[in-house]
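Worksheet: one structure, shown below.
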Amino acid sequence: MNQDTICAIATAQGGAIGSIRVSGPEAISITSRIFKPGKSNRKFNEQKPYTLTFGRIYNGKEIIDEVLVSLFRSPHSYTGEDCTEITCHGSSYILQQVMQLLIKNGCRMAQPGEYTQRAFLNGKMDLSQAEAVADLIASSSAATHRLAMSQMRGGFSKELTDLRGKLLDFTSMVELELDFSEEDVEFADRQALRQLADEIEEVISRLVNSFNVGNAIKNGVPVAIIGETNAGKSTLLNVLLNEDKAIVSDIHGTTRDVIEDTVNMGGITFRFIDTAGIRETNDMIENLGIERTFQKLDQAEIVLWIVDATDANSQIIQLSEQILPRCEGKHLIVVFNKAEIIHKTQKDSLRTFFQQNFLQEHTDMIFISAKQKLHTDELEKMLVNAAHLPNITQNDIIVTNVRHYEALTKALEAIHRVQEGLDVQISGDFLSQDIREVIFHISDIAGEVTNDMVLQNIFRNFCIGK
Ligand SMILES: Nc1nc2c(c(=O)[nH]1)N(C=O)[C@@H](CNc1ccc(C(=O)N[C@@H](CCC(=O)O)C(=O)O)cc1)CN2
Ligand SMILES: Nc1nc2c(ncn2[C@@H]2O[C@H](COP(=O)(O)OP(=O)(O)OP(=O)(O)O)[C@@H](O)[C@H]2O)c(=O)[nH]1
């Protein structure tokens with residue numbers, strides 16, 4: 001299927017050593033045209049797989065570099081094709097020269113993700129494993145690494161493949177019944193099918209539900225910072241992020257757009273979402289921002305509600321109607337900011353007010369000064385406690401990929417129809433249709449029925465050389 005032999009630089013710029021990967025039917029012959037092994041009696045194309053050969057890359061008579069070359073023979077390589085790897089000195093000039101020589105001798109530049117795409121097309125891995133390769137390269141913490149590693153090693157595709165196999169057996173029995181419809185026979189034991197459907201429903205529900213945790217680990221626990229204009233949201237965000245990201249000014253409504261950034265605190269990645277201040281306004285652009293604030297609030301797991309302590313009462317009363325109903329199921333932290341300029345008696349009355357009106361599960365309050373960084377460490381601890389993520393291991397199966405989540409959600413809907421259908425003794429042809437749909441969505445995750453556009457999109461997001 002892949003007649004082209006492709007090449008790409010696989011290493012980042014600036015290292016002492018650089019590596020070029022060649023893959024395809026001509027990989028070994030093209031490499032041997034530009035590479036002469038050190039000991040002249042050895043031939044590169046007789047090199048044993050998984051060994052290194054020392055030698056030189058020549059452009060005509062000129063030596064480009066002294067290199068080490070490795071060799072893999074189809075199907076035993078990353079792509080499943082014949083492959084070579086040329087390891088030279090890390091000069092971008094040398095790497096470019098070697099690339100040009102390879103191209104002059106019949107290679108073509110690889111597209112982003114093309115090696116992994118070939119690995120997928122040659123059956124070395126399924127699509128969810130290929131997607132995990134990209135996650136693995138992007139992983140920046142122990143948790144994201146563990147998730148990507150578990151998925152790359154076959155994580156949930158194995159479990160899904162087993163279930164899909166059982167479903168296929170069943171649906172072929174149901175479909176066989178259809179061929180004998182005159183005789184009113186039942187090859188597929190409905191009770192056993194119902195048991196299988198329940199089992200599958202449980203597995204898929206678990207995977208669908210794991211996405212919240214998976215998403216929080218991969219993209220950060222979403223924390224929305226909301227409150228009235230000028231309460232100090234941007235100032236606090238800058239403190240939390242330890243850098244000057246959001247624009248701070250004393251003109252009301254400075255933050256019109258939603259700013260997002262992630263930061264690691266206590267081993268947990270948080271994704272802070274600064275939002276436009278909420279107030280009644282006729283400014284069109286600002287109103288759009290406020291609309292978006294509410295959308296972001298819905299996505300958040302933790303809500304930091306910043307209240308200007310010097311002007312708290314009116315804000316609380318005005319906003320509690322808008323905000324509180326939207327915080328159900330979320331952890332709400334009411335942050336009284338600018339606390340350094342209010343009196344102790346004011347604090348006490350605010351605390352009493354809070355305790356009388358907000359005391360419920362998953363609600364905290366704190367007095368801080370964002371400007372003077374007073375009690376902001378305590379706020380960080382509060383956040384870490386609010387974000388109780390489970391400890392995950394490489395054996396935990398957690399969905400992190402939106403594409404998988406969507407396919408699983410559709411599979412879950414279809415399996416519910418199968419369960420309902422069995423309960424009301426639906427006819428075989430409808431039943432098999434619903435089962436086929438479950439199979440279809442499960443197969444989508446492994447990439448067996450995935451359409452070309454989606455495939456292209458997935459691999460285009462890889463880096464070159466992978
Ligand atoms: N130099 C180099 N390092 C690398 C890679 C590479 O391509 N080149 N990889 C690229 O991502 C990763 C390793 N991935 C690989 C995966 C499979 C095979 C391979 O030869 N598989 C054979 C043998 C399997 C076995 O013995 O179990 C096969 O599948 O038949 C090679 C590399 C990370 N490090
Ligand atoms: N005294 C005092 N002033 C503060 C504190 N935090 C912020 N401010 C000031 O309050 C003003 C508004 O701060 P911002 O951080 O821009 O407020 P915001 O909530 O992001 O405002 P919008 O972008 O308009 O929604 C600025 O002048 C800040 O310097 C604080 O803890 N104490």
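In case you wondered, yes, glycine gets a Cβ from its N, Cα and C as well.
What TrEMBL records for the (6S)-5-formyl-5,6,7,8-tetrahydrofolate site is R21, E85, K124, and among K410, K466 the residue it adds there is K466. Taking the Cα atom of each, E85 ((6S)-5-formyl-5,6,7,8-tetrahydrofolate binding site) and S234 (Mg(2+) binding site) are about 50 angstrom apart.
In this structure, E85 are the binding-site residues from E85, N230, K233, S234, K466 whose C-beta falls under 6 Å of some atom of ligand 1. Cβ packing within 10 Å was compared across the binding-site residues N230, S234, and the lowest neighbour count falls to N230.
Taking all protein chains in view, 22 other C-beta atoms sit within 10 angstroms of the C-beta of K466 ((6S)-5-formyl-5,6,7,8-tetrahydrofolate binding site). Comparing C-alpha positions, R21 ((6S)-5-formyl-5,6,7,8-tetrahydrofolate binding site) sits nearest to S234 among the binding-site residues N230, K233, S234.
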